[in-house]
């Protein structure tokens, strides 16, 4: 059971998950980009020990996974579960500490020495911040972080300096996309220091009408202010998406129903589905459930499918490597199984 | 119950229907293109009476329908049922005699004074020829046809001179289309005096992988030879279509299944369907039934849908005029009703 399997956060009609990521670096250590293997190992060990030998109740809940010791499939699965970034998945000196339940992961030797990350389902930014902050405090007990009195936490990339925090909310905006209004939303929120990214973070694609909305600015505001600003912007976006959903349902229900039911029909009947097409279909089915058009599937089933039909997750679930052709076929089997339940 | 509702002819996996059409003209009468209204009425009356006052058992089975006395919707329905040609549907001086059961229709004042037509489900050219021939004989008892000792029956268009006969077979060739082999088939049969047309005859579109295969030459061969030639050519085409179906089923089943099941899924779930898209979907579902992939629908249901989802038929079934938007929506309702039965 991962954080994605249950969805107790609020605004579940649109919000998939909330996430906090804190970038930290260790005083006096070479930055990951310039590291030798030996130096990387030392950093991994010191962070692992900081957790392991801490006085915390969760000290033994973390598992260390080193990137060079796992297969590319296992790395891909970690990316798809949002436990590591695509970049860390490609790193040879990187590692990750993952807490039981997979709500907290600590990436090691990504761009920065540490990236503490907490992810929870639904709209609960304060909760994820609280958890990430505790882990940060725990590590700071023994690890000296690079910190400047005036600038705050020092990071590899200047865009992260200050709080080192990226707060983000994964939202599902099919109707903003359908009406093309998403573009004006992206432009408008840019002016508020907020940015929209693809589902695996910076530079990744928009898939299945899913978007990560996050703070662009890390410097000059407190963590609380950043979170509170992001929270209100997301609230505004939710309002707009809901308004369009209701308008379409009232004034153009047949076009909307057609899109939703077709997607459902294809999802149930297709025998070849790429993960991209699948995400598009799941997006509309998810909308159909929210609008009450589709009543025989639970929203959680769709949320889980959105994670589990991904290339790596699928192969992990079936416990074997598959080529694209087989995956696209097995994906449809998997979906039918889950939907018919 | 129309001729389309039952399908006792052979080769039903591919052949939808068989048809004979005989072009005849009345000696000494002005050709329809140059007719005054009065002259047209006379021709209609004389043909109607030739049937009505004949000694045949079927004399009273015919109903006369004059084009200028019915609505455009009713005319469209007759075209969609293949009881009249699109050209007759547009004529102001035309009429049609339709036999109960709708197997035989006699178009009056189309391009020629008479076009005797018989249509039956499945592959049974000899049977339709026999029926059309009897009607021809019956009419010839009282009506003097334009006939030349050397050239045979004289017709408005020289391409019909001689036998005045067009024999045609409506076939469903989704796999020849899917593999692109249909083009070489069209080229090859042209050399054998055979042609392929769209489902409403000359110059009409290919829809839903349905084709009318018919003789091009009416002169210099007997009716029996023309029919026998057409019969063997169609047999060859059936062989090729079946071969590809079997090959695809054996060597590439998943791609084929995907096309078929997707079509089925969309057909069952869509809320807006144009008649063109609908025909494409029905075509694949029909193939799926033949290949045994789809087992919960009867082939007859699909054959009926191919007729009844047409624009005119649909409005007739619902007993009212509808705009395109409403039709496309009602069409999906109608399909769900029929499929769920």
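Using the three backbone atoms N, Cα and C, a Cβ is placed for every residue, glycine included.
So that you can see what the record holds, here are the features copied from TrEMBL:
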DOMAIN    A:14-244  domain 'Phosphagen kinase C-terminal'
BINDING   A:17-21, A:82, A:115, A:166-170, A:197-202  ATP binding site
Ask   = Given the binding-site residues A:115, A:197, which one is most crowded in terms of C-beta atoms within 10 angstroms?
value = A:115
Query = Including all protein chains shown, what's the count of other C-beta atoms within 10 A of the C-beta of residue A:168 (ATP binding site)?
reply = 25
Request  = Mind giving me a neighbour count for residue A:17 (ATP binding site)? Other Cβ atoms within 10 Å of its Cβ, every protein chain shown.
outcome  = 23
Residue A:168 (ATP binding site) - helix vs strand vs coil (DSSP) = strand
Query = Sequence gap of 6 or more, C-beta under 8 Å: which same-chain residues meet both conditions with respect to residue A:20 (ATP binding site)?
reply = A:117, A:118, A:125, A:128, A:129, A:131, A:132, A:165, A:166, A:167, A:168
Ask   = Taking every residue in the domain 'Phosphagen kinase C-terminal' (A:14-244), what is their average pLDDT?
value = 93
